[in-house]
Amino acid sequence: MSISETQIPSAPAAADSGTVVAAQDVTRRYGEGDAAVDALRGVTIDFPRGQFTAVMGPSGSGKSTLMHILAGLDVPTTGSVEIDGVEITRMKDKQLTLMRREKIGFVFQSFNLLPMLSAEENIDLPLTIAGRNPEGTWKESLLKAVGLDTRRKHKPSELSGGQQQRVAIARALASRPTVIFADEPTGNLDSRTSGEILDLLRRSVDEFGQTIVMVTHDARAAGVADRVLFLQDGLVVRDERGLTTGAIHDIMGTLE
Amino acid sequence: MRKLITRGMLTRKLRTALTAIAIMLGVAMISGTFVLTDQINGAFDKIFASSFRDIDAVVTPQKAYESEDETFNPTLRLDQSLIERVSAVEGVALAEGAFDGSAGIVKDGEYLGSTGGAPSFLTAITSNAENTAQITSGGFPEESGQIAVDKKTADDNDIAVGRRVQVATTKGLADVTVAGVFDSEIDIGGASIILATLPDVQTWSDGEGKVSYIQAKADEGVSQAELKSRIAAELGDGVVVETAQESATRQAADINDSIGGFLTPALLAFAAVAVFVGAFIIFNTFTITVAQRIREFAMVRTLGAARGQVLRAVIGEALIVSVAASVLGIAAGYLVAAGIGALFKAVGFGLPTADASLAARTVIIALVVGVGVTLVASLAPALKATRIAPIAALREGATLPPGRLSRFTPWFALVIAVLGALLIYNGLAGSGSLSNRMLGLGVGALLEFVAAGMTAKYVVPGIARVVGWPIERVSRRTGRLARENSTRNPSRTAVTAAALMIGVGLVVFVSVFASGIKASFFDALDRSVQGDFIIEANGGQSIPGAGAIEAVRSAEGVGVASPLRFADARVSIDGGEPGTEYFTAVEPDTYAQVFRTDWQQGGSDELLARLGEGGAIVEQDWADGKGLVEGDRFTLNGVSGRSAEFEVLGFYKDEQLNTTFVIADEGWQRISDSRDIGLMLVDAASGADLTQVEASVKEAMKQFPIATVKSNEKYKEDLSGQLDQIVYLLYALLAMSVIISLFGMVNTLVLSMFERTREIGMMRAIGLTRWQLRRMVGVESIITAVIGGVLGLAIGLIFGFVFTKALEDEGLAFAVPYGTLFAVLIVALIAGLLASIFPARRAARLRPLEALHYE
């Protein structure tokens with residue numbers, strides 16, 4: 001059986017400004033009885049296409065759990081998540097995997113590149129897994145956009161941390177996913193390199209119309225986003241647009 | 001520190017268990033070898049002890065020398081008249097003649113004798129027969145024409161008391177009645193036993209007036225030693241008198257020596273290979289886990305642990321695992337012994353076994369080898385662990401520092417390879433005792449394997465590319481990743497593959513060697529044997545003398561029938577140290593018509609006619625080795641003590657069949673009375689229909705069912721089949737090594753998956769399905785296995801080439817067994833797939849989210 005033939009039911013094409021990811025009354029409880037922990041206690045949130053959203057909150061606020069559930073890596077205890085209008089919370093592992101393959105890109109804090117593949121091969125990885133051929137022009141413009149067209153043959157061990165993360169971003173963009181989830185993408189980088197990475201994410205939204213959801217605890221990182229969600233104790237406590245870094249810092253101060 | 005060891009092992013249960021299995025299986029082979037040989041020895045001890053239980057002294061014929069193989073040599077017998085002289089000796093209560101021969105049973109015209117190697121005994125009944133045989137129905141034979149048969153033969157062939165059957169003997173068929181069925185105390189390993197009265201056995205064995213030995217009972221108050229010296233004084237020279245005790249011990253020891261002298265070292269060689277493969281796996285496992293525990297070791301070093309403590313932590317773990325695994329292995333040895341016993345039985349080499357208690361020697365050797373090999377194999381990784389700097393605790397993704405000597409690895413490998421080559425060269429062409437040279441050969445071969453294992457990492461990426469190419473065509477997405485995975489740590493893949501390489505290499509070597517033997521042997525048969533039919537006895541016995549020849553000659557359509565007699569004798573040349581040699585005695589005029597001799601130095605068939613009583617023609621290589629030239633003389637000393645001188649008349653070349661020299665029947669009769677025949681070559685009269693001739697010869701030989709008539713083709717087919725059986729036996733013994741290497745592959749994969757947990761999480765997150773992941777692991781495993789297979793093929797072919805070239809003088813030809821090579825690769829492929837099942841399942845079960853956050 002060929003895996004490349006997707007089994008995801010095709011969703012009605014969403015309008016350019018339509019919602020691409022929607023969470024409805026999502027709760028997540030870990031453990032049982034006295035030891036139970038409620039990581040999310042009822043989150044309802046929409047993410048429109050082409051928007052760069054930062055998710056912030058102190059440790060234990062549930063921001064990572066929310067991202068994992070939105071990305072289909074974790075399952076909510078109650079509530080539902082739709083991506084491109086398709087309910088994903090009751091999908092089987094295989095359907096979920098294919099859904100992630102088609103619609104979701106990831107950028108991780110620790111880059112998570114395959115050490116034995118070159119930069120270019122790492123970028124091709126999602127397409128390789130899906131059995132699709134990389135589109136030459138798209139890949140070229142990606143390599144240029146992330147500034148690695150001269151280092152495409154290098155292995156991750158021959159690249160700096162910032163360069164590795166740029167490869168990871170290009171990898172996430174390669175399959176033109178519906179949404180990219182970035183988990184502390186600057187967490188392992190110095191401030192100058194962080195700036196470059198954030199700039200790259202910003203440009204992905206502006207130039208390619210990419211939807212990005214980024215979990216971060218860095219106010220400066222959140223400052224480049226269009227919208228910032230603040231979580232506390234498993235609930236979205238503020239949903240703001242157009243905040244400055246300073247304002248974000250102040251809000252975080254009130255939450256911790 | 002002790003806590004660090006035990007906790008470490010418990011948290012890595014799976015890895016510890018897989019390592020333990022690798023050690024356990026090797027140790028089980030060692031312990032199984034000893035258990036099996038002890039069981040066989042025990043059985044023979046019991047057989048002889050019980051047959052002499054009520055006997056005090058034994059008189060046997062004096063042999064001129066101990067023949068190495070008595071199959072074709074005439075058994076010496078005593079004159080029956082000696083019984084009365086023994087009876088007359090003062091203190092002898094009873095003296096009886098015992099007679100051992102061989103005979104099979106013919107039921108309704110069908111011969112029931114074994115066609116394999118197990119013998120069919122014919123034994124005269126004596127007063128102490130009940131010591132070895134308990135009648136289960138009927139009774140012991142009391143008069144002529146009665147026999148008793150062993151229960152297994154009776155049951156297998158549905159023979160009951162009162163049944164009329166025939167006994168196939170040296171003299172032809174004899175009609176008898178089954179008087180009884182008896183149960184033997186011991187498992188006689190596939191042999192059949194017929195008991196009959198002494199006169200019957202004598203007649204059937206062409207031994208009227210003769211006995212095999214005389215057994216005597218002493219009067220009350222006369223000791224065995226006393227009885228022995230009295231009888232010896234009476235009989236004088238020409239016989240051997242022993243106490244029953246001495247005789248039982250000696251005979252058991254003789255058999256045990258001949259079995260133990262061959263079987264034990266042969267089985268231990270296979271056990272050594274298994275242990276050796278296990279050592280590769282232990283080395284690899286410990287190397288991988290030390291690499292994975294860098295931060296842990298560095299952390300304890302920052303807390304103040306000394307290098308010695310780190311070393312002891314690793315070695316301590318190896319010690320605990322190896323002791324536990326060796327103990328289990330010793331116990332599992334009983335299963336291995338039963339398995340090997342069953343294997344031998346299956347190919348017709350059944351041997352008797354009796355329960356044997358676990359000998360201290362078995363426990364000690366198994367423990368020493370199991371623990372010793374594990375400690376040696378884990379030493380290098382343990383030393384590596386001590387070189388981890390404390391600072392590594394703080395570094396993400398720290399790797400092991402390369403050893404100070406690692407850049408010399410290729411040179412070390414070269415030195416080891418050269419050393420191995422020298423040992424092999426000495427084994428093949430050098431001097432020294434055969435057993436030392438064989439040991440050298442074995443050690444040399446192991447050294448070559450070590451050298452190959454050390455350097456394999458350099459060729460792994462290349463082979464992986466070649467092996468991976470077709471897989472990547474079929475499975476593009478996962479194939480590429482799998483290949484990259486298999487080569488990202490070439491030395492790990494190399495050692496894993498090397499473990500499989502050893503088993504595969506030896507299988508290929510055996511196969512090359514066997515096809516070389518087949519090619520050269522059958523070539524020699526085709527060139528020289530001109531007869532249309534070959535008559536041989538079943539089960540390595542001989543064809544009864546004169547009667548059979550006359551019968552064949554009078555069969556319709558037979559042109560020529562020529563008997564060949566194979567024998568050994570002590571040969572002394574120029575009064576030099578005599579050595580035992582095998583030779584052939586022929587009937588010159590008929591021999592020339594059915595056998596084409598490859599004459600040397602201008603010889604011709606005329607020389608055969610001149611052989612007479614004192615002539616010999618000599619194989620060229622043998623003659624060269626002994627420095628014999630035309631006109632030289634040498635002396636043959638027969639086992640009977642008679643000797644005769646022969647003159648070298650000419651030379652021939654025949655390294656396969658008539659390896660030393662050929663004499664005429666008249667010459668043979670100067671040193672032996674035996675008329676038994678090894679083989680009969682039969683040629684149809686010209687113009688006769690071969691099918692009809694075969695039928696008439698078979699009809700004529702019906703009264704000698706111990707012999708089988710075969711066409712020339714059938715004869716070769718059967719020989720080839722027998723050789724194949726031995727080859728399969730060797731494959732089966734090598735299978736253990738392959739199985740052990742399989743565990744090594746599983747272990748390496750599991751550990752690698754462990755290392756790559758986060759990677760797996762990432763790939764699953766970006767859309768790798770479980771099935772794709774499993775397939776990726778499967779392909780990686782197949783690539784590793786096929787690398788092992790390819791390396792094994794290469795090294796097996798090289799070994800095969802070197803050995804056959806070295807034995808070219810013996811007529812051995814190098815032939816590549818393509819079918820086997822192909823089969824070996826397929827087996828490697830399947831092995832790879834099998835080894836991946838478990839690790840792939842484990843990897844696929846990982847939840848992406850947890851895997852991503854795995855530290």
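Note: Cβ is positioned from N, Cα and C throughout, glycine not excepted.
Marked as domain 'MacB-like periplasmic core' by TrEMBL: B:16-233 (among others).
Under the heading transmembrane segment, TrEMBL lists B:266-290 (among others). For the transmembrane segment (B:266-290), the residues of the chain that approach it from at least six positions outside its boundaries are 12, 15, 18-19, 22-23, 25-27, 29-30, 32-33, 36-37, 297, 314, 318, 340, 369-370, 373-374, 376-378, 380-382, 384-385, 400, 442, 446, 449, 453, 492, 495-496, 498-499, 502-503, 506, 733-734, 736-737, 740-741, 743-744, 747-748, 751-752, 755, judged by C-beta separation under 8 angstroms.
DSSP states for the domain 'ABC3 transporter permease C-terminal' (B:269-390), grouped as helix (H, G, I), strand (E, B) and coil, give 101 helix, 0 strand, 21 coil. Per TrEMBL, the feature domain 'ABC3 transporter permease C-terminal' maps to B:269-390 (among others).
Per TrEMBL, the feature transmembrane segment maps to B:310-343 (among others). Within the chain, the transmembrane segment (B:310-343) has long-range Cβ neighbours (under 8 A, six or more residues past its boundaries) at 1-2, 4-6, 8-9, 16, 19-36, 39, 267, 282, 286, 290, 297, 300-301, 351, 353, 358, 362-363, 366-367, 369-371, 373-375, 377-379, 381-383, 385-386, 388, 729, 732-733, 736.
Under 8 Å from some Cβ of the transmembrane segment (B:363-383) lie the Cβ atoms of residues 23-24, 26-27, 30-31, 34, 275, 278-280, 282-283, 286-287, 289-290, 310-311, 314-315, 317-319, 321-323, 325-327, 329-330, 333, 403, all in the same chain and six or more residues away from its ends. Per TrEMBL, transmembrane segment is recorded for B:363-383 (among others).
As annotated by TrEMBL, transmembrane segment applies to B:411-429 (among others). Residues 405, 437-438, 440-441, 443-448, 450-451, 454-455, 802-803, 806-807 of the same chain sit 6 or more residues outside the transmembrane segment (B:411-429) yet have a Cβ under 8 Å from a Cβ within it.
Positions annotated as transmembrane segment by TrEMBL: B:449-471 (among others).
Per TrEMBL, transmembrane segment is recorded for B:492-514 (among others). Residues of the same chain lying 6 or more positions beyond the ends of the transmembrane segment (B:492-514) and with a Cβ under 8 Å from any Cβ of it are 273, 276-277, 280-281, 283-284, 287-288, 449, 452-453, 456-457, 460, 464, 486, 723-724, 726-727, 730-731, 734-735, 737-738, 740-742, 744-745, 748, 752, 784-785, 787-789, 791-793, 795-797, 799-801, 803-804, 814-817, 820-821, 824, 828, 831.
Residues annotated as domain 'MacB-like periplasmic core' in TrEMBL: B:493-699 (among others). Mean pLDDT across the domain 'MacB-like periplasmic core' (B:493-699) comes to 86 in this model.
Look at TrEMBL and you will find B:728-754 (among others) tagged as transmembrane segment. Cβ atoms under 8 Å from those of the transmembrane segment (B:728-754) belong to residues 14-15, 18-19, 21-22, 25-26, 29, 267, 270, 273-274, 276-278, 280-281, 284-285, 288-289, 292, 336, 340, 343-344, 347, 349, 485, 489, 492-493, 496, 499-500, 502-504, 506-507, 510, 760, 777, 780-781, 784-785, 788, 827, 831-832, 834-836, 838-840, 842-843 of the same chain, restricted to positions at least 6 beyond its ends.
Among the features that TrEMBL reports, domain 'ABC3 transporter permease C-terminal' is placed at B:733-846 (among others).
The annotation transmembrane segment is assigned in TrEMBL to B:782-803 (among others).
Residues or ranges marked as transmembrane segment in TrEMBL: B:815-838 (among others).
Nonlocal intrachain contacts for the transmembrane segment (B:782-803), taken as residues 6+ away from its ends with a CB within less than 8 angstroms of a stretch CB, comprise 424, 428, 445, 448-449, 452, 456, 459-460, 463-464, 467-468, 471, 482-483, 486, 493-494, 496-509, 511-513, 516, 741, 745, 748, 814, 816, 821, 824-825, 827-829, 831-833, 835-836.
The helix, strand and coil residue counts that DSSP assigns across the domain 'ABC3 transporter permease C-terminal' (B:733-846) are 100 helix, 0 strand, 14 coil.
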